[in-house]
């Protein structure tokens, strides 16, 4: 089959080239450019069933705002403290954003709320922020459009002089990262092509020998791009800017490698005098199976990415596999046609090889001393593994992009005026089975807030009980007690006046008693005496009524304390509750005494009226009046004594309550309590829609923390936050409540789990596929295992060296995408080089294992080294990007290719083959005698 196809190509090379040119032209004319399709078809960065995504969707349903995880902020920073003009600009900008309902789902405006403004306004008054919930899931085309719409609205609103506006936050961060990749695609591709061209010129010392592989690779990329664009536009394939960048690098590297394989074998035949067309046929027959196996290995490994959960990895799988397969077809059709055309014109004649003899000497050393070679080479690779012991992965998309992106400028502006992570809170929502907009609900919310403050790294919690991120002074029993003390102090003088009134009442009763005696001694003066008694009774009743009213007023001041005592379990054991209860008992006794005195006075007044109405019964009435007066004098005396006793106690209580408020001020330990009248305050009423759901059954909190919220600290803290909320009120108002957590920390926690599971899956499936393909190709499971094991060792060593360079020398942790992408590339491509060596070794082994090894070295040493260096250079070209993700992926793969080319393929695999001898090809029988 390879021979027939190669002869067909040599007969019609122009037709093959024309077909590729036509396919590239029609594809790029008929299908939109790949970058345009990516802009319109990008999908979510996270799976829709990720816990953080599910929580965001549920929060949107409960609170009536966005059901997405696309959160952004507008940050305003002034060169001087913000003034009225800045406030007017802020209001106009928010009106414009609210009017764009297609992109902006909700605006959390706290600066306009007096009770919460301090959370979003800096202490120096120079910066303020506002949270936006936007349409679209993070990373999707809709989310990108929403961020762009917000930035356009900001650009259309001219800011006052000295005021700077930034659109930042997690949503804007992802947009800027992919935009940075897109803006540098041309640069990366240009650097890659330049490096490949330079190396090919150095190797072949011929412009045509360098240009033909580049032409084949360029046309294969020109055909692969519209194919991916068409499938992506139809929704059949997931694509992203990251996949476009990686596909270009993979096509350039793999395509150049396949071209080098074919050219090298073509040159071998030409050096021994074979005609140009026959040399191509012979080279094709030897190399085509290797290219086919190599492309299938790489393509299958890359296709496995489609089964991962993370969008960045998932979107790279099929596009890169399509690129590799397109490159394979080009290498088996277009490249032979170009070689045919160039060879017939004498443009591809081989130069004298100066490296063949050197490689044969290397093969001789490996054949003679395979054991020491394996030990030394393996030791060197194992040393490279050591940095893996301290390797850390970075999950920060802020650090992955250039510092000058708009989102990073926004973070930097916030850091100049606020504590760290002011734009990266964890959003916690609690759903209960009852309305929480009441004192008992707020007590439960405060329990949760206090529990959250105990989580390591949490610096503040903004909730319904803490609108400004800290506990208000008035939200405590001690503060309420201080207010009562102030009222007591104002009424103390009135109470003293009432004590004087009580003394006057005793004098009045004495006069009344004397008047009654006079009536009894002389009825002739009855009318005048009764008038005198009536006047005295009226004065007495008025005084008693005033005293009773004041007692009731004073007692009413103590109602919040009575409520506190009533709902505090084991009050006598509580250091705050016990003295309050001891104070309330005598006050309540005074209230009862005042009520009784008022009743007795009323009876006496009624008696005087009866006496006046019927002097005929004067004797009986006077007796009753004497009895009543006597009883009343006793009651007034008792009341006077009680009030005398209470007066200093009330003074002492006033001082105690005032001192309690002073001592507990700012400690947060005064016993939380917000009375209903505070909830009815118009300022608090303005906050209710922001903090509670429409039915009041759900509330949300913003939890601000220190440290790296994008990393392991943030992920661990997110789990602790959820558990803390569940533990805060197990048996109270929030028993059985639903807890939702969403934010950078919770998203990072999800991402860590997805990355770990994805890598495990990729490792198992990719190794199985590569092992299967290599085993079938070599017809030996032992050889297949040796090839796969060595490329895994090569991957580990490359990752270790990359961690040493990036983390320990440059101070940047490796991005979380690096291990998975490097593993796929290095296992697949590394297996290709070893496969080429093993296939050549199998071909040459008829002369014996040792001789075959030496010949295989001579035939493939320069080829594989050149191919490995070229592919490595295409990866190292990604270092020209200032997107750290791209630079780290490229450098890690490049390091791995160099290690695989110079150590694994050169020393380890041949030495293992020499040590195993005939068993390397088991179960096949030896090919030598």
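Just so you know, glycine gets a Cβ as well, placed from its N, Cα and C.
Keep in mind that this is a model prediction, so the values were computed, not measured.
For the transmembrane segment (185-204), the list of distant contacts is 35, 210, 213-214, 241, 244-245, 248-249, 252, 256, 263, 351, 866, 869-870, 873-874, 876-878, 880-881, 886: same-chain residues at least six beyond its ends, Cβ to Cβ under 8 Å. According to TrEMBL, the transmembrane segment annotation covers 185-204 (among others).
The transmembrane segment feature in TrEMBL is assigned to 211-233 (among others). Here the transmembrane segment (211-233) has Cβ contacts under 8 Å with residues 20-21, 23-24, 27-28, 30-34, 36-38, 40-41, 193, 196-197, 200, 239, 247-248, 251-252, 255-256, 259-260, 263, 318-319, 322-323, 326-327, 329-331, 334-335, 338-339, 342, 347-348 of the same chain, all six or more residues outside its ends.
For 239-266 (among others), the entry in TrEMBL reads transmembrane segment. Tertiary neighbourhood of the transmembrane segment (239-266): same-chain residues 34-35, 37-38, 41-43, 139, 178-179, 181-182, 185, 188-189, 192-193, 196, 200, 204, 209, 212-214, 216-217, 220-221, 224, 228-229, 232, 279-280, 282-284, 286-287, 290-291, 294-295, 298, 302, 311-312, 315-317, 319-320, 322-324, 326-328, 330-331, 335-336, 339, 343, 348, 821, 825, 829, 832, 836, 860, 862-863, 866-867, 870-871, 874-875, 877-878, 885-886, 889-890, selected by CB-CB distance under 8 Å and a gap of 6+ residues from either end.
According to TrEMBL, the feature domain 'SSD' maps to 250-341.
Under the heading transmembrane segment, TrEMBL lists 287-310 (among others).
The transmembrane segment feature in TrEMBL is assigned to 316-341 (among others). Outside the transmembrane segment (316-341), and at least 6 residues removed from its termini, the chain residues within Cβ reach (under 8 Å) are 5-6, 9-10, 12-14, 16-17, 20, 212-213, 215-217, 219-221, 223-224, 227-228, 231-232, 237-240, 242-244, 246-248, 250-251, 254-255, 258-259, 262-263, 266, 276-277, 280, 284, 288, 291-292, 294-296, 298-300, 302-308, 348, 821.
According to TrEMBL, the feature transmembrane segment maps to 362-389 (among others). Here the transmembrane segment (362-389) has long-range neighbours at 793-794, 796-801, 803-804, 807-808, 849-850, 853-858, 861, 899, 903-904, 906-908, 910-912, 914-915, meaning same-chain residues at least 6 beyond its ends whose C-beta is under 8 angstroms from one of its own.
Here the transmembrane segment (759-778) has Cβ contacts under 8 Å with residues 289-290, 293, 296-297, 300-301, 304-305, 307-308, 784-785, 787-788, 791-792, 819-820, 823-824, 827-828, 831, 834-835, 838-839, 842, 921 of the same chain, all six or more residues outside its ends. Taken from TrEMBL, the feature transmembrane segment covers 759-778 (among others).
Nonlocal intrachain contacts for the transmembrane segment (785-806), taken as residues 6+ away from its ends with a CB within less than 8 angstroms of a stretch CB, comprise 378, 381-382, 384-388, 390-391, 767, 770-771, 774, 778, 812-814, 818-819, 822-823, 826-827, 830-831, 834-835, 838, 888, 891-893, 895-896, 899-900, 903-904, 908-909, 912-913, 916, 920. The transmembrane segment annotation in TrEMBL covers 785-806 (among others).
Among the features that TrEMBL reports, transmembrane segment is placed at 818-841 (among others).
The annotation transmembrane segment is assigned in TrEMBL to 853-877 (among others). Within its own chain, the transmembrane segment (853-877) is flanked in space by residues 188, 191-192, 195-196, 199-200, 203, 249, 252-254, 256-257, 260-261, 264-265, 268, 353, 355-360, 362-364, 366-367, 825, 829, 833, 836-837, 840-841, 843-844, 847, 889-891, 893-895, 897-898, 900-902, 905-906, 910, 913-914, which lie at least six positions past its ends and keep a Cβ under 8 Å from the stretch.
Sequence annotations record features per position, and here TrEMBL assigns transmembrane segment to 897-921 (among others).
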If you run through the domain 'SSD' (250-341) with DSSP, how many residues end up as helix, strand and coil? 84 helix, 0 strand, 8 coil
Mean of pLDDT values spanning the domain 'SSD' (250-341): 89
